[in-house]
């Protein structure tokens, strides 16, 4: 059972929170004043969600937010607005703590909703029966959602600093390991160097001793060459270099592989899971993204997404990253996808293939 959720926003005020229970926003309505623009800030990006005026006092929305997301709402204008929605039923939530909200109606909304519906059916089959939450717990959650905290974005910067420090330590370890690997062959060659001194001392011995030393010296010369070649055998384990030159494929779609994956290949008819970020080629402005949490799933070649994705994702391997440039007729065409995507827009997607099912 879903429970009502609402928030009254005053003009020029910011409301931010780390989400503790998934919820859905169904619409925004003008309260008092002439006009207000509703903004959403998430994942270091800002989005214009809706504009309400005296002429258009109410706008329907379809936004879902998951537990663990860090979001902030704020308005511009002289009017106060009301956000309306509902809390998701606890029994239907996944156990993942860092699922990310994505504005999926911007990427072939109807098809993606159908895809998400099939995903929910799969999750229900796997989850089994769960105990119902007490009414008192739901009431407490509603009270927490009614009071958004103001100016809570500083915590994100701290998290980023900690992540940078951790990644820095990992880079140092990787550097130390690689240096140690490169030094190993040199150490082996150094152990063989006493043969040179043995050669000098051998000159003072008889002819038989010199012949024995010559044979040993020949064997030692062959061994260092074999050992020096050992590091080259490790090179295939490194990430395969990707070509930066764009390739034009079906429908004029251009692809550039930034990272070539090593896992299973994405083929027509397979279901794939991806992270992505979409930008307008005209101004490089981000209109949609999904970079963490539960990846987006769809059937490749099944018409569930834009044509540019059906042909552009094909051939990728798990772990790979690819830039896909979709001309208008392989994206949203002359209609576009207002308000974010205008008519005849060329779209650029950075796609990472996470899994092939």
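Cβ atoms here come from the backbone N, Cα and C positions, even for glycine.
Bear in mind that the values here come from a model prediction, so they are computed numbers and not experimental data.
If you check Swiss-Prot, you get these features:
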type	residues	note
MOD_RES	92	phosphoserine
REGION	113-251	region 'Disordered'
COMPBIAS	120-182	compositional bias 'Acidic residues'
MOD_RES	193	phosphoserine
MOD_RES	197	phosphoserine
COMPBIAS	222-237	compositional bias 'Basic and acidic residues'
DOMAIN	269-357	domain 'PPIase FKBP-type'
Could you count the residues of the domain 'PPIase FKBP-type' (269-357) that DSSP puts in helix, in strand and in coil? 9 helix, 38 strand, 42 coil
Can you give the mean pLDDT for the domain 'PPIase FKBP-type' (269-357), rounded to a whole number? 95
